[in-house]
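Some notes on the structure that comes next.
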């Protein structure tokens, strides 16, 4: 930093120079004077900028403060007017309170206005005068006189030094320096002028320092006192109002109690009136249901029909408002309006979003109000106008009725509707679903799709108030539901839900409402049950245990375990502790999508509907939608799109779900995503799912009923694989019958679907990104067939069973003769054996297993194709042998000591090959075939040689009473549980015993 001179040093040096110019050393300090002026100028420039910003801020505060004062005054006026209105309406207590607050606000406003004015006067004005006065101008203006004096001084001293050096040179001398004393007298005038300008500059700087320092702080002190006065006066106003406020609080409590009592009386009166009108409302609803939908506007004359072509005059939207003749046509619920020029496409209006109104001023004019504008039309005469209006209204009514009732002539859509009705009927028959989940009212018809429970109409209104993030309500009778909205209802139900969510409900003083409770009681209870979860059973306290239970519930596909985790308050979108995750940081939704199959789709649905965020990404940026597209999982994709999952998110590779679907050529996923992008995705979507419906046969013989009433020893659950498939309605004319036959495939108390039956190979093959192999590797030569149902209970007519079998069968070779126990196993899976009764009902059996491919879910999502006439020529992928039951007709099975006689088995059905007339003969004449007399069962004490069988496949037990064995194990048959399941133990290891499927073994020839 250059040397500078202080003010005191400058004064001392100047005085010394003034007294003794020849002895002074001031000439050596002139450079320091100039450095000092430059430094002061830099500091002043910085201060000038800061003070300018300060002034700007103060002005902004003043402007906003005045605007605030103006708004406060308007608020005060409104309070004063409102209080006056209350006083005039015989409510003096409330009116006086409003007036007091008006006066209080007015006082505070006046104090604040005074404070703003003080700030403007005390701070803003001095700053403005300083910046426009002493600090006015740009950098360097203040030191211009000093710079001129310095320049003159330097010029004169340079000139004198030059003359002195030339004079010495003339006399033969050389001078390098000239002392100050030599030129002191000659430079006195210039030196005095330089000292004067320096002194003037320092005086101005001193004045500026006072104004921007001491004076500004003095002003801030004044403003501080003004602020103190503002707060003190405001506190006085508050203290003066405090007693009135305390009295007012007591009065308001009394007034509110009176108003609450009045409200309670009104609610009771309303409930009484509602109950009195319930009968009339039911009658009205029945009448409305029996007739077509009635539009909430005048009906058109039905004689004019729903279609019309012609010309109308349309008033233009321009400034001139001229009538323009346009060609118009009404068809299929749309009004088409042609333009004046042929090259422009006509405007097409959906009448479902329009309303037709008459024009009271012009009899031959009418208006059509759409969602974005109003069209003014004029006909040739009044009669023509009435015809056009009738056609428009009729076409709209027809389109609306078609939308409500659907197209009954489309086979596939009709099948889905029939399936939906069957599912709804079974949901209503579930335990606890005959009454409301919350109040116990009978026959609830409102479904919470995200919780799977049924409520009455009163409780459903409270559910709607909670919001869709707690409960999504749909009507079973009024709304058109898709099967995807019934997944949770089919798997949870009121009884299972309340077992968890009402586990801690106090029994002695029950707060649960009854059907006659008012809406307040219902709201308090429902809020406590669903939002606070006050009565739910809480199993886990810490978050780690909650996440572990959530992970286990998803892994084991336990919907009630998932509901328990939900009741514990776990965050369903949090990352789960999964050691073998496909990608790091997976959520429960990622895991559910990754391990889903036809039986666990409801697990995904619960997570989709009750998670706050469907767009959580893994460590590699994948969302659940990415997983769906990687695995071609269209069913989960439907659920996620219905839940509004984002389709624009890209993973770490920059791929969106649609990009993945296109790259892997997953056409179904690509189509769904394209529909969602264009806004054409239907949220009421149908999903492929193993519904396991219970179907009650209408035509049952007396023998069937007797058989159902007999106690069945060692009854086991069934394990059917019954997929409801579309596209097979060509095999029979009645599509409804096909849907009913599909529902027949399921039995009572069905066994849970086991992963060993149908493994989800999709993720193992595709998540790695490598192409799947042509055939999945297996440890044995062939894969095991699906396990047969255990102890089938429901029966089916021969005709429907025959039709159903033809729909889902695969061609087989070989004859259909009855084999003895020593025959070798069949090469191809046989047809299910017939169970013959007095009326020849057929035991329903599951369809043949779907052949495993590298993408099982993709194969299952495809609808089944109708069997062509030459079905025997179509070969499915190789399936493992599934030999028929080895029970010889003339030998009882070992251990067949039963309390009832053994029903004789009919001959097994032959292949579907039309040439096998012997096999199809008994089936085609099923209604004529008489069953043989049943043979009496022999007691277990009968000495028979033990029957030995050999395992064809590996089998892992699903239940404790079942046998686990490996391929090649020899099993000793101890008894027969039913036609498809026997009892036995491993040869040489009697401790390993249990039930085993007959189709997994073959006899060893003795």
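These residue numbers are counts, starting from 1, taken along the chain as shown.
Backbone N, Cα and C atoms are what each Cβ position is placed from, and that goes for glycine too.
Taken from Swiss-Prot as is:
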- 256-283: coiled coil (COILED)
- 288-312: region 'Disordered' (REGION)
- 288-300: compositional bias 'Polar residues' (COMPBIAS)
- 305-397: domain 'PH' (DOMAIN)
- 421-543: domain 'Arf-GAP' (DOMAIN)
- 584-616: repeat 'ANK 1' (REPEAT)
- 620-649: repeat 'ANK 2' (REPEAT)
- 701-720: region 'Disordered' (REGION)
- 729-752: coiled coil (COILED)
- 764-916: region 'Disordered' (REGION)
- 794-823: compositional bias 'Polar residues' (COMPBIAS)
- 865-886: compositional bias 'Pro residues' (COMPBIAS)
- 903: phosphothreonine (MOD_RES)
- 944-1006: domain 'SH3' (DOMAIN)
Residue distribution over DSSP helix, strand and coil in the domain 'SH3' (944-1006): 3 helix, 33 strand, 27 coil
Contact set, same chain, for the repeat 'ANK 2' (620-649): CB under 8 Å, 6 or more residues outside the stretch: 484, 582-584, 587, 589-590, 593-594, 596, 598, 601, 604-605, 608-609, 614, 655-658, 660-661, 664, 666, 668-669, 672-673, 676-677, 681, 683, 685, 687-689, 762-763, 766-767, 855, 857-858, 861
Tally of DSSP helical, extended and coil residues in the domain 'Arf-GAP' (421-543): 51 helix, 11 strand, 61 coil
For the coiled coil (256-283), sequence-distant contacts whose Cβ falls under 8 Å of one of its Cβ atoms, 6 or more beyond its ends: 518-520
Predicted model, mean pLDDT over the domain 'Arf-GAP' (421-543): 90
